[in-house]
Amino acid sequence: MNNSKTNQQMNTSMGYPLTVYDECNKFQLIVPTLDANIMLWCIGQLSLLNDSNGCKHLFWQPNDKSNVRILLNNYDYGHLFKYLQCQRKCSVYIGEGTLKKYNLTISTSFDNFLDLTPSEEKESLCREDAHEDPVSPKAGSEEEISPNSTSNVVVSRECLDNFMKQLLKLEESLNKLELEQKVTNKEPNHRISGTIDIPEDRSELVNFFTELKTVKQLEDVFQRYHDYERLSQECDSKTEIASDHSKKETKIEVEPPNERSLQITMDQRDNSLYFQLFNNTNSVLAGNCKLKFTDAGDKPTTQIIDMGPHEIGIKEYKEYRYFPYALDLEAGSTIEIENQYGEVIFLGKYGSSPMINLRPPSRLSAESLQASQEPFYSFQIDTLPELDDSSIISTSISLSYDGDDNEKALTWEEL
């Protein structure tokens, strides 16, 4: 083990071993440093490889692989240098004819190197044994390679696709260049001449066409006319689109009333009147509002209830209980909710169903509705006095008859 490590250190200090193949020879090189220019110079020093930097491509592979990669730029050389630094044996092949001779496949830098099959390994060993005897330069020069010697080189599918993409781009560029040359070099086969008599009273036309002296000026007029036609068509199309949008907007249905309503469910039991309020609007119902309930009997009674400082959020419930209340509920009773400014912001009537939808009255101004729906931010919980479990939030309500001065005090509590 110590001897092998010592040999590796000696090889690294002396250089990096590299096997070089051409169509007739095999050479063992020691590259002193990992530099592309120095490696090319070392390969070019061989008498039979003096054209390796010129007309022939260089390919490389780790030993015992069946495909090779081309050496074109620093990126490709960098991959080769990583293998050499790891003390892996690598080979360099010169020219496509050498690849055909050794039956090697060209791959891109994104493909993996493929291992040799057992049959290919035997053939590789036989070829290496055959190359142990040096071949004279004359023998190599006598073998001429036909122009189609690289026609049977195997190329990977990905590499072939890249070649096809480059060929398509080249074809498009050539077609575009040819079309531009035809347009610039096009000459009219014949000239059209003629005269148009313009009446003298059309002074604007006379002055306009008098200024046209060259064919270029006439082409400019023609081009401007076509630009005007194109812009006119675009404006017409935009006008049609705008009209279509306006038609669609007229067909938009108005939101159903239930989307802007307060839902109140009423229930009467145990000499008490229960109100369950659900905020089904799109805004928060502010605090400090009042609920007015008016009977529909012969002698209507109006109850004014302070709803307290708490706001009611969107899609939130709140329940109230008012007692004592011994009257019977009749259809036609009115429920109103007033804001802190005394304006009615929601209105509805009690019918056969216990659920009532309160909606904003049509006479209510937008400013009043907005002011009533502003959230009550000045209220703070920490300002309330501490209460025990038996405490009840209550206030007084007035019960009055129309035309009668008698009043009866009621109380309410909030659950």
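Positions of Cβ are set from backbone N, Cα and C atoms, glycine also.
If you look up Swiss-Prot, you'll see 21-28 marked as region 'ATG11-binding'. Taken from Swiss-Prot, the feature region 'Disordered' applies to 126-150. The compositional bias 'Basic and acidic residues' annotation in Swiss-Prot covers 126-135. According to Swiss-Prot, the feature coiled coil maps to 157-187, an assignment based on sequence analysis. What Swiss-Prot lists as ubiquitin cross-link is LYS213, LYS216, and the listing cites similarity to another entry. According to Swiss-Prot, the feature region 'AMS1-binding' maps to 254-367, an assignment based on similarity to another entry. Taken from Swiss-Prot, the feature region 'ATG8-binding' applies to 406-415, supported by similarity to another entry.
Helix first, then strand, then coil: DSSP counts for the region 'AMS1-binding' (254-367) stand at 6 helix, 54 strand, 54 coil. Predicted-model confidence for the region 'AMS1-binding' (254-367) is 79, expressed as mean pLDDT. Annotation note: LYS216 (ubiquitin cross-link) sits in a helical segment as assigned by DSSP. Just so you know, the Cβ of LYS216 (ubiquitin cross-link) picks up 8 other Cβ atoms within 10 Å once every protein chain is counted. For LYS213 (ubiquitin cross-link), the number of other Cβ atoms no farther than 10 Å from its own Cβ, over all displayed protein chains, is 8.
The region 'ATG11-binding' (21-28): residue composition by secondary structure is 0 helix, 4 strand, 4 coil, according to DSSP.
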